[in-house]
């Protein structure tokens with residue numbers, strides 16, 4: 001089979017969009033299985049799994065497509081190949097796709113743990129920067145480390161989206177691949193269709209598509225950011241790790257069943273269960289029910305505890 005090195009970057013975008021839709025479908029099925037396990041088991045199960053659902057969904061989808069093309073590759077008419085010194089362009093082997101999958105899995109897991117550390121740091125009153133980093137930063141910056149972590153955590157979705165777009169643009173235009181692991185392994189996408197070499201780089205269209213992603217992310221985050229700060233302006237920053245705050249709450253109920261951390265800004269549903277404000281607000285925005293007893297609960301009925 002003769003393979004041509006030409007490819008339209010828009011084919012890679014189409015491939016990633018379709019693959020992402022498939023991954024989101026698998027993610028929704030995982031959440032459905034968790035709901036079918038019963039309310040209490042569901043809350044405990046999702047409390048541990050929620051940060052890893054995206055990683056698990058991506059791993060399951062990619063693992064099922066190791067020996068075959070993904071849905072995105074089929075639709076975009078592209079294949080994953082590698083440059084061989086003697087044979088030229090050859091199709092990527094199952095082993096190479098497996099290695100790429102493992103690399104991507106490790107990178108995603110590191111990202112999840114960094115995300116958890118940022119969240120814990122923004123909530124913890126005793127958070128300190130690592131010793132090595134404290135030595136590198138000016139004293140004025142160190143004195144405001146808690147505020148820096150809070151700002152970084154608040155605008156993290158926009159920063160991640162911006163980094164993701166820049167990374168994807170560089171990989172697509174220069175490496176003809178979609179992930180860092182593919183670039184490290186020398187894998188790249190090639191088109192099964194004839195591409196005019198002079199028109200294969202539609203930079204303007206590519207920038208418009210990726211720019212629209214960033215704008216959508218900024219608008220979405222701005223709405224949630226202002227919503228959170230409207231609420232935070234009328235609440236104090238209570239953390240139930242301190243037993244002196246809201247002492248009437250039993251010690252066994254001072255951890256959120258959704259994030260499995262000490263409850264931050266405690267809020268109660270109509271049925272009386274207590275969670276972090278951000279956790280239960282996000283939950284009821286998607287499912288109008290209590291995570292523990294499945295009683296009806298809407299975001300407008302959540303009660304902030306003072």
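Just so it is clear, glycine is given a Cβ too, placed from its N, Cα and C backbone atoms.
Under the heading topological domain 'Peroxisomal matrix', Swiss-Prot lists 1-52 (among others).
Beyond the transmembrane segment (53-84), the same-chain residues lying 6 or more positions past its ends with a Cβ under 8 Å from any Cβ of the stretch are 3, 7, 11-12, 14-19, 22-24, 26-27, 30-31, 90-92, 94, 96-98, 101, 104-105, 108-109, 112, 182, 185-193. Residues or ranges marked as transmembrane segment by Swiss-Prot on the basis of similarity to another entry: 53-84 (among others).
Feature annotation from Swiss-Prot assigns topological domain 'Cytoplasmic' to 85-147 (among others).
Under the heading transmembrane segment, Swiss-Prot lists 148-174 (among others), citing similarity to another entry as support.
According to Swiss-Prot, the feature topological domain 'Peroxisomal matrix' maps to 175-202 (among others).
The annotation transmembrane segment is assigned in Swiss-Prot to 203-219 (among others) on the grounds of sequence analysis.
Residues or ranges marked as topological domain 'Cytoplasmic' by Swiss-Prot: 220-306 (among others).
Each residue in the zinc finger (256-294) has a pLDDT score, and their mean in this model is 83. Residues or ranges marked as zinc finger by Swiss-Prot on the basis of sequence analysis: 256-294.
The Zn(2+) 1 binding site annotation in Swiss-Prot covers 256, 259, 276, 279 and is backed by similarity to another entry.
The feature Zn(2+) 2 binding site is assigned by Swiss-Prot to 271, 273, 290, 293. DSSP classifies residue 293 (Zn(2+) 2 binding site) as coil under the three-state reduction. Around the Cβ of residue 293 (Zn(2+) 2 binding site), the number of neighbouring Cβ atoms within 10 Å comes to 14.
Under DSSP, residue 279 (Zn(2+) 1 binding site) is assigned to a helix (H, G or I) in the three-state scheme.
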